[in-house]
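So that you can see what the record holds, here are the features copied from TrEMBL:
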type: ACT_SITE; residues: A:T196; note: active site, nucleophile
type: BINDING; residues: A:R224, A:I225, A:G226, A:D227, A:T246, A:G247, A:E248, A:G249; note: substrate binding site
Amino acid sequence: MGGWAIAVHGGAGVDPNLPQQRQEEAKQLLTRCLNLGISALRSNLPAIDVVELVVRELETDPLFNSGRGSALTAKGTVEMEASIMDGCGRRCGAVSGVTTVKNPVSLARLVMERSPHSYLAFSGAEEFARLQGVEVVDNEYFITEENVGMLKLAKEANTIVFDYRIPALGLETCSAVVESPIQMNGLPISVYAPETVGCVVVDSQGRCAAATSTGGLMNKMTGRIGDSPLIGAGTYACNLCGVSCTGEGEAIIRGTLAREVAAVMEYKGLGLQEAVDFVVKERLDEGKAGLIAVSSKGEVACGFNTTGMFRGCATEDGFMEVGIWD
Amino acid sequence: MGWAIALHGGAGDIPLSLPPERRQPREAALRHCLQVGVDSLKAQKSPLDVVELVVRELENNPHFNAGRGSVLTTEGTIEMEACIMDGKTKKCGAVSGLTTVVNAISLARVVMEKTPHIYLAFDGAEKFAREQGLETVESSHFITPENIERLKHAKEANRVQIDYTQPVEKETPTVDGDSQIGTVGCVAVDNDGNLAAATSTGGLVNKMVGRIGDTPIIGAGTYANNLCAVSATGKGEAIIRGTVARDVAALMEFKGLSLKEAAAYVVEECVPRGNAGLVAVSAKGELTMAFNTTGMFRAAATEDGYTEIAIWP
């Protein structure tokens, strides 16, 4: 026990028909990010620095749904959100409605450290970014051709599916080739972009941190906020653990998922894996989500009730694993 | 068992020397809003309807920091937020960054009931409000002379901290304690143990444009499940870190604490002194109002005839 540990994720809810090449690319990215985190930990960087660094890497790479490569709003634009939490003192920072900031997780960190607040959004967040001199680009920078195509498919799927709680009717007439009837957030899994990226770390001093970043739901209404920037829902860290969640935002928010893991450890005395299992099993109702977590004791755990979750984890004693499926 | 209802008009450094002309209208408002809530419960309205109704009344009253009477941002503008949660289904709705919507809590309810989302903010929320035909007015409607004064005082007190590129102390001392007042909220439970919570606010005086507090964050300022319903008030940043509303319920569930014990524990241990207060009711019809600030504008009643309207401990 003890020693550092790190976990990363690139979203829960994966199309079982995802082409092999995409699966490989994802695993390579996760491996690269893990290694980045591991080097940082070996250089004794504190957990809060490591989670930021790793999530920046995930945001910069267009593969997953955050930063460049973010899912698109109904208008075809990008609106990003992120949050970060330092288990030491439970300091936190979050941003939503970010449209020009290259690395939303870093802006969230600046909110935590350089503003009197914990959460800034939309024009206020953008203004703060300029005052802080962070790197900004045009909104087009974040938009990928692939996601433009995905948005079109999502719109087609959504003209049929209005209430995501009702099974989709007439999906056969949709031009999207839907081979599996799996749905998440009202979209067929083939067009649903995994929602989020995240990283949790415990360093060799036992300090935990967590960070989550996303472009949000494909075809979302402008102004829609999901679970990723909400402390206690998508992200949480305290002196016991660090947690980052991904999946159906509504389910994660209602279940205050990230806080839940910490609460059962704190108030019920459960160990990390037990806590993760309990939360995934008992707190998601009909929702679909996944999470990664680390404990101050150097343990790492993940859990999901979705079809797959892009993830990777490593501990100081040499354990390392990158995976997608169960 | 019986129904129970509790509501608040903000916790903060409310000076004991609060002059009658500032105290009486607020007490009268609390009395009036409590009556609205009690009458609706007696008329068998659902707790979800009751909390929305009561919070609408509180929003319309200019003496509290929500709706009309909201505190101002650093630019002298209005940005309102609200949140509502139904304990039975754990469905919830939240809004932030509203500038023209007369009743933020009602928009939050519409988000909950008419969209697959939970949380809408700023332009997107304003647009949605218009699409749904909610009542909107010029932003100036919400601004009161009292709040223009508050902003002025806050800016004077903050004069030494205008440079945000330097690390900033989160605990900003205020000259006029009154300016820390934040939020209105209501929790209710009916005879069948159905619970609901609702919270609404103009936020923190002199806040940065775009600043979101604890009110619209499920588990921080607002929470309801099948055990209890909670609405918190105070310094948003501290309530978020302390996941206040969720923790009251978590302590009841995981540690078997009673409602009263859980609420007391949370205001003692999860947030620094002077930062927060909350009202809560349980599925069994119990109620509690706890705060670690100088005072909290509050009112409560239960079916067996108990009534309370108070400001200080």
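Backbone N, Cα and C atoms are what each Cβ position is placed from, and that goes for glycine too.
Reported as a whole number, the C-alpha separation between the residue listed as 'active site, nucleophile' and A:T246 (substrate binding site) equals 6 Å. In this structure, of the binding-site residues A:D227, A:E248, the smallest number of CB atoms within 10 A of the CB marks A:E248. In sequence order there is nothing to list, since none of the recorded positions A:T196, A:T246, A:G247, A:E248 has a CB under 8 Å from a CB of chain B.
Annotation note: A:G249 (substrate binding site) sits in a helical segment as assigned by DSSP. Of all Cβ atoms in the protein chains displayed, 27 besides its own lie within 10 Å of the Cβ of A:R224 (substrate binding site). Around A:G249 (substrate binding site), a 10 Å sphere centred on its CB holds 30 further CB atoms from the protein chains shown. Residues A:R224, A:I225, A:G226, A:D227, A:T246, A:G247, A:E248, A:G249, recorded as contacting substrate, have a largest CA-CA distance of 16 Å. A:G226 (substrate binding site) carries neither a helix nor a strand DSSP state and counts as coil. DSSP gives the residue listed as 'active site, nucleophile' a strand state.
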